[in-house]
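To keep things clear, I will list the structure first and then write my remarks on it.
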Amino acid sequence: MSETARTTIDQSEVDRFSAMAAEWWDPTGKFRPLHKFNPVRLTYIRDRVSEHFGRDAKSRQPLEGLRVLDIGCGGGLLSEPMARMGADVVGADASEKNIGIARTHAAGSGVSVDYRAVTAEALAEAGESFDVVLNMEVVEHVADVEFFMTTCAHMVRPGGLMFVATINRTLKAAALAIFAAENVLRWLPRGTHQYDKLVRPDELERPLEASGMEIADRTGVFFNPLANQWNLSRDMDVNYMIVAKRPI
């Protein structure tokens, strides 16, 4: 298959999330786990970006002046907080329904986000570039992980960062993130994740490094049921995040 024919889109995944689009901003609905997950990933992104670009993470708008791409933005759960922190945000998603929900919510919240129903490859082909690219809980839903990572890496400006968050392909992840989360605890609709589409860290890092990126940080993330919150961890066997930087 030629590279021009490659696509990152898995239409069945787009359809699955389009069908749930109306629930994006319901903290007790089908996206409840993402609402729970948002604080730890927002803090991690803010702190890493602030450290990298020499910003004060505790200031009101530490991302002011930075252009940020939230790829696979869904209803905007990350895009809106990024914009509130001062970033110039492009929220991109392959689902027109998701983008419609995101635009409506942003308008009602008074937050400015440039939402687009567009693919990563279309943005890259248009020559778009960003200081920060966010791939959060997306790679396990795309059709071609290597192509997706390469495409997104090309949009990171020199001196810029990419964040990736996903679920590891391990038996532990299958037990906790799929069986328990979807079938026992019912945190997610059944079928949200498929084991063979989960991605190991090395499968992300190889195409990033081949695209000239350098791995800057890695962290696991785990859910503490006693505190009812997500925390960073050294254990990357289930949920994890990777930060890559493009040298100047």
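Residue numbering: from 1, along the chain as shown.
Keep in mind that glycine also has a Cβ here, set from the backbone N, Cα and C atoms.
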Swiss-Prot records GLY72, ASP93, MET136 as S-adenosyl-L-methionine-binding residues. Which of ARG41, ARG46, ARG169 is assigned to the same site? ARG41
Could you tell me which three-state DSSP class MET136 (S-adenosyl-L-methionine binding site) falls into? strand
For GLY72 (S-adenosyl-L-methionine binding site), write down the residues of its own chain that are at least 6 apart in sequence and whose Cβ falls under 8 Å from its Cβ; none is a fine answer. ALA92, ASP93, ALA94, ASN135, MET136, GLU137, VAL138, HIS141, VAL142
So, three-state DSSP: helix, strand or coil for ARG41 (S-adenosyl-L-methionine binding site)? helix
Could you check the binding-site residues ARG41, ASP93, MET136 and say which one's CB has the most other CB atoms within 10 Å? ASP93
In the three-state DSSP scheme, ASP93 (S-adenosyl-L-methionine binding site) belongs to strand
